[in-house]
Amino acid sequence: MTNLRKTHPLMKIINHSFIDLPAPSNISAWWNFGSLLGVCLIIQILTGFFLAMHYTSDMLTAFSSVAHICQDVNYGWLVRNLHANGASMFFMCLFLHVGWGIYYGSYLYKETWNIGVILLLTEMATAFVGYVLPWGQMAFWGATVITNLLSAIPYIGTTLAEWIWSGFAVDKATLTQFFTLHFILSFIVMALAIVHLLFLHETGSNNPSGINPDSDKIPFHPYYTIKDTLGLLFLFLTLLLLALFSPDSLGDPDNFSPANPLNTPPHIKPEWYFLFAYAILRSIPNKLGGVLALLASILVLLIIPFLHTANQRSMMFRPISQTLFWILTANLITLTWIGGQPVEQPFIIIGQVASMSYFLLILVLMPLAGLFENYMLKPKW
């Protein structure tokens, strides 16, 4: 009798993707983050679904509807805390996933990488519109400042900003539009994630050594399903610790006040996972230049595959590139810290140096390091 999972049209797809999938035998825990992101996405969609049942996208009642969810809905506080902190866990896994891709040279699977960058941009848009929905003070002003940046685009900027606002300022129509976008973008993210997975399974997975693993592969189940389960346990533990013991530690205190268009907070900032890009935006004194730098900070990932100069794929055996990679990591942490600080010295100059270093490392120093490592590995006789 033939096995159902190998003959049934639907089960066959699942089988080839998660059970009998040939995987390199030496992939490390860094390869867990793909599955962790999938689980994070499912958690976000499920908790968001239950929140949407009780949320009202109206200027007058949005803030109180979130308070109602936390106070009156059965386990509403838990659902809301899981959704808010789940976003932080999602982006933490996302940044580690991108970092691992750069370190091990996974960007050389160009189609998978490019879809991944589009996915990252879509997720950032989803998180941004979602952040505005509780209609807290910082959420409102964050939405006003960030969407107002569109007006810097020549000719069409003002029209574009008013189209995003559905009026002449952030208002009731903006909130309704953002709620709709937040809802629909979640499913677009899910569709893009499936495309990302399809492209990955066309080429097969990379491995830490960066060499072709075709001669040494093992089935995904049970080896990597067990390995991924360990990562999932850590994810659930961290998320539950955050949601149950310190649910507001990653949020902004200003969001405990309802949005007030007549009172500007002394320091406007987005959520922590956007602070690195926000710091780059603020480091350019010119408005249009700042917007372009903000876009470039993410879109620069698209050209990384074309800047690969090393003969070896992975950084595992390339100490100079490794050093530059960890400098880049420290640089991003610095930018995240600077994004949360007020616009005054010495934070302005630190932000400008860190922003310049970010682009210099990716566009110049890392490709040069690859060429130098090639030269060092050449036989000298």
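Every residue gets a Cβ built from N, Cα and C, even glycine.
Features of the protein shown, as given by Swiss-Prot:
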TRANSMEM  33-53  transmembrane segment
TRANSMEM  77-98  transmembrane segment
BINDING   His83, His182  heme b b562 binding site
BINDING   His97, His196  heme b b566 binding site
TRANSMEM  113-133  transmembrane segment
TRANSMEM  178-198  transmembrane segment
BINDING   His201  ubiquinone binding site
TRANSMEM  226-246  transmembrane segment
TRANSMEM  288-308  transmembrane segment
TRANSMEM  320-340  transmembrane segment
TRANSMEM  347-367  transmembrane segment
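When Cβ-Cβ distances under 8 Å to the transmembrane segment (226-246) are tallied for each of 33-53, 113-133, 347-367, the top count falls to 33-53.
In space, His97 is the closest of the binding-site residues His83, His97, His182 to His201 (ubiquinone binding site), judged by Cα positions.
The stretch in 33-53, 77-98, 320-340, 347-367 that contributes the largest number of Cβ pairs under 8 Å to the transmembrane segment (178-198) is 33-53. Among the recorded stretches 33-53, 77-98, 113-133, 347-367, the one sharing the largest number of Cβ pairs closer than 8 Å with the transmembrane segment (320-340) is 347-367. You'll find the Cα of His182 (heme b b562 binding site) roughly 21 Å from the Cα of His196 (heme b b566 binding site).
You'll find the Cα of His97 (heme b b566 binding site) roughly 20 Å from the Cα of His83 (heme b b562 binding site). Across the fold, the C-alpha of His196 (heme b b566 binding site) and the C-alpha of His83 (heme b b562 binding site) stand 24 Å from each other.
The list of residues near the transmembrane segment (347-367) in space but at least 6 beyond its ends in sequence, with Cβ under 8 angstroms from a Cβ of it, reads 279-280, 282-284, 293, 296-297, 300, 303-304, 307-309, 321, 324-325, 327-328, 331-332, 334-335, 338-339, 341. In the three-state DSSP scheme, His196 (heme b b566 binding site) falls into the helix class. Around the Cβ of His83 (heme b b562 binding site), 21 further Cβ atoms fall within 10 Å across all displayed protein chains. Annotation note: His97 (heme b b566 binding site) sits in a helical segment as assigned by DSSP. Beyond the transmembrane segment (288-308), the same-chain residues lying 6 or more positions past its ends with a Cβ under 8 Å from any Cβ of the stretch are 98, 102, 105, 107-108, 110, 113-114, 117, 120-121, 124, 149-150, 152-154, 276-278, 280-282, 355, 358-359, 362-363, 366-367, 370. Counting other Cβ atoms within 10 Å of each Cβ, the lowest count among the binding-site residues His97, His196, His201 belongs to His201.
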